[in-house]
Amino acid sequence: MASLLLSTSPSHLYNISPRHGIPFLHSIPALKPFKRPNFSPVLSHPKLATHVVYHRTIAKSSSIGSRETEDPISDESPLGEDSAAFQLSAQKLSSWVYFTVILGSVLFALNVLWIDPSTGFGTAFVDSISSISGSPEVTMLLLMAIFATVHSGLASLRDPGEKLIGKRAFRVLFSGISLPLATSTVVYFINHRYDGTQLWQIQTVPGLHELVWLSSFVSFFFLYPSTFNLLEVAAVDEPKMHLWETGIMRITRHPQMVGQVIWCLAHTLWIGNTVAISASVGLILHHLFGVWNGDRRLAIRYGKSFEVIKKRTSVIPFAAILDGRQELPTDYYKEFLRLPYVAITILTLGAYFAHPLMQSSSYNLHW
């Protein structure tokens, strides 16, 4: 073919007319100028309209906020991650050995440095807060305020903190400060939950115990999906800020807040005094702030992708489903038939039956 082309004269290739000396372009059908199609009728139709956004793909080697590519995606496309996904085949035995060693080391350090009255600082910390006011309600609120400020403050500093010291080191710092404060707050609540002024006493009402138990049980299924990534929690795997979209996220975008509100209402109804109310107020306010702060941080990290997910989810449970912004898959139940939810069920039942052990351990601390 190459030799044929090289041996063929240009006049033969182009069929040049001896009269005009130009190719017979008139033998080729004239091309009509391109006319941009009118999509207005389609876009105006409520069922056919598709809002297109630009999805920001973050390069693994780039800094936070830098963009590798921008691809147009429909707001019907899945953008977030599959929450509570767990593949046994992807697990490494060595990772879980590290997790066990790290967990044991953290609990040992927590006991020596904070819980044990003879060696730890926990007793001195709780005594100093209690000395501010003789009111258990005030002490409860102060403990909650300190924990909330430190916990949310460190969460807000996550991006610059990870850049400065690394993701794993920042997770260790975050947990090392938050865990002792959370322990003090929980122990103080257990020890003083029946102090204060009794406002109502309805524990003998038939069915109330079952209602409180069921509400508390359900509240644990609203755990934030990141809790399922235990290897990331312990910094065995590199911690990440996830953009979840499936499972409980279809019901509410902030499941931890919803679960905490359910738990607080159930326990306040059962206990019925001012200490329970103060604890519930502190917890609910902290989690309501977490709704705003969490959305803010995800918007900074994921940009337009988060805005799309935000539009098709809701903070109030089931609101996005009821108004049509979220359509549940036909096999939606499969997003809960996973090992992490089995583990949550076992741990929740275990925590219920371990209540006497938890109470006796708290009483021994005299916080």
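Residue positions begin at 1 at the first shown residue.
Every residue gets a Cβ built from N, Cα and C, even glycine.
TrEMBL labels come from automatic prediction, so no person has curated them.
Pulled from TrEMBL, these are the features on record:
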TRANSMEM  96-115  transmembrane segment
TRANSMEM  138-157  transmembrane segment
DOMAIN    140-358  domain 'NnrU'
TRANSMEM  169-191  transmembrane segment
TRANSMEM  211-236  transmembrane segment
TRANSMEM  339-358  transmembrane segment
Are the transmembrane segment (339-358) and the transmembrane segment (96-115) near each other by the rule of at least 3 C-beta pairs under 8 angstroms (pairs 6 or more apart)?
no
Model confidence for the domain 'NnrU' (140-358), as mean pLDDT, reads 94
Based on Cβ pairs under 8 Å, which of the stretches 169-191, 211-236, 339-358 lies most in contact with the transmembrane segment (138-157)?
169-191
